[in-house]
Amino acid sequence: MKTGSILHVRAQKGLTGETRVSQACWGLGRPVPSGAMRLEKGWLTSLRCVLAVWAAGALVAWAGAAEPGVAGAGSASGSAGSREVTGVASTTAGTNAWVTLGLDKVEWLQVEFLGMQLWQYLASLVYLFLAIYGSRFLDYVLTTRLRRWAERTSTRFDDLLIEMLHGPIRMVTLVIFLHIGLAVLNWPEEVRRWISAGLVCLVAVSLTYLVIKVVDLGLGVWQLRMEGTEDKILRETLLPALRKTIRVIIIVGAALLTADNLGIEIKTILAGLSVGGLALGLAGQETVANLIGAIVIFLDKPFKIGDRIVLDGVDGVVESIGLRSTRIRNLDGHLVTVPNKTLTNATITNITMRPNIRTLINIGITFDTPAHRVQRAVDILNEIYRSHPMTQDVWISFNKFNDASLNIFVVHWWKGTDFKAYLAGMQELNLQIKARFDAEGIEFAFPTQTLYVKQGSDWRLHGGSDPLPPVSAPTGVSGSPA
């Protein structure tokens, strides 16, 4: 559970009932300041007073309805006036009492002031208090019940659901009481129209907020499922961008629907949005393509941050993956920025994802090496490579005669992908090969060329002297990782 939830507050020991209620309403997991406590006590007291006035008015109305003589005269003038003034009161005294809180039955409240009776002002104030404080109280009661139920579950889905309902419950209750309270007053027609439009906007805001909360709930569940995985970039980059995009779409759609319900002509607005969308689409083709490329990279996962990749002549380590481009630090230390659109169409080699490193080595020894020494060289190489803890699948063979050497071909796989460790291991192996070959008297060959001059030829060196002796020298060890 979250530390700021009501469950955390209820778990704290040594707190009084009022302190827990206040902390729960404020949504805090720590002691509430004294000023906030006084404010909470104030609105709770006001709520009690409002409910007491409502109950008293209802009792007065029921008492008046029980006396036929009084009810006949009083309700005939009071109810008719209220029906004419408010337009919301019912024809029956009982139903009218629920709407007017029974205040229209109080004789001294039927005095007119500024075109309206006093009971209308008082009833509107009561509904205003109910709208402000009753919505908070109802929201607190419902969320407290739900959180008690959520305390018995191990999943966090119900916590997200409660947070989703937290705001809409208060907003819907607020709109209902405001609608009743404002309808009680005798507003002019123009004012009524504006008030009705305002209430429609409040309802639209509430429903839009609820839809956004539902979307946040779905994305929140998705994010919870990705916790503990390596999709850090997806959680920190794509999800916030996706959440903002969906919110913009929801808000624009809600604004258009609200305008249509208010009688505003939206065809012109839609036409303008279509033209503007077309212009933005033509101007932002590259941006959209890069954004789609980012989504493809996040979902397909051909590489992640820290991977070494090769594509279109770029060989380096991925440093960041953004919505528009991906940044790669090449082996020279330069930072290369590649658009995501290019990455989606390129052939990418992920070197980091290989399970091991394959190495191909050609070792040349001199031609004058006897056959038994060639076999000894092969045996030495087998001993060295097969005894090393980081090598596996070793293949060694005297495979061919080169122009200037007898070639021994070595293939092996290095366990792991750490390139620095691989280079250190290669150095260790090569030093062992050099030391063992020197001890056995096996010489490395290097490319040589022998010049033979035919005897009796007109071409003589140094005035007919013998030709120069052939020149030969050993080659080194050549090898490369593959």
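Each residue, glycine too, has its Cβ placed from N, Cα and C.
Taken straight from TrEMBL:
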| type | residues | note |
| --- | --- | --- |
| DOMAIN | 244-285 | domain 'Mechanosensitive ion channel transmembrane helices 2/3' |
| DOMAIN | 287-352 | domain 'Mechanosensitive ion channel MscS' |
| DOMAIN | 361-444 | domain 'Mechanosensitive ion channel MscS C-terminal' |
| TRANSMEM | 47-65 | transmembrane segment |
| TRANSMEM | 118-138 | transmembrane segment |
| TRANSMEM | 169-188 | transmembrane segment |
| TRANSMEM | 194-224 | transmembrane segment |
| TRANSMEM | 245-264 | transmembrane segment |
| TRANSMEM | 270-299 | transmembrane segment |
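When pLDDT is averaged over the domain 'Mechanosensitive ion channel MscS C-terminal' (361-444), the result is 92. Secondary structure counts, DSSP: the domain 'Mechanosensitive ion channel MscS C-terminal' (361-444) has 39 helix, 27 strand, 18 coil. Remote same-chain residues near the transmembrane segment (245-264) are listed as 197, 200-201, 204, 207-208, 211-212, 215, 270 (criterion: CB distance under 8 Å, separation of at least six residues from the stretch ends).
Secondary structure of the domain 'Mechanosensitive ion channel MscS' (287-352) per DSSP, as helix, strand and coil residue counts: 20 helix, 25 strand, 21 coil.
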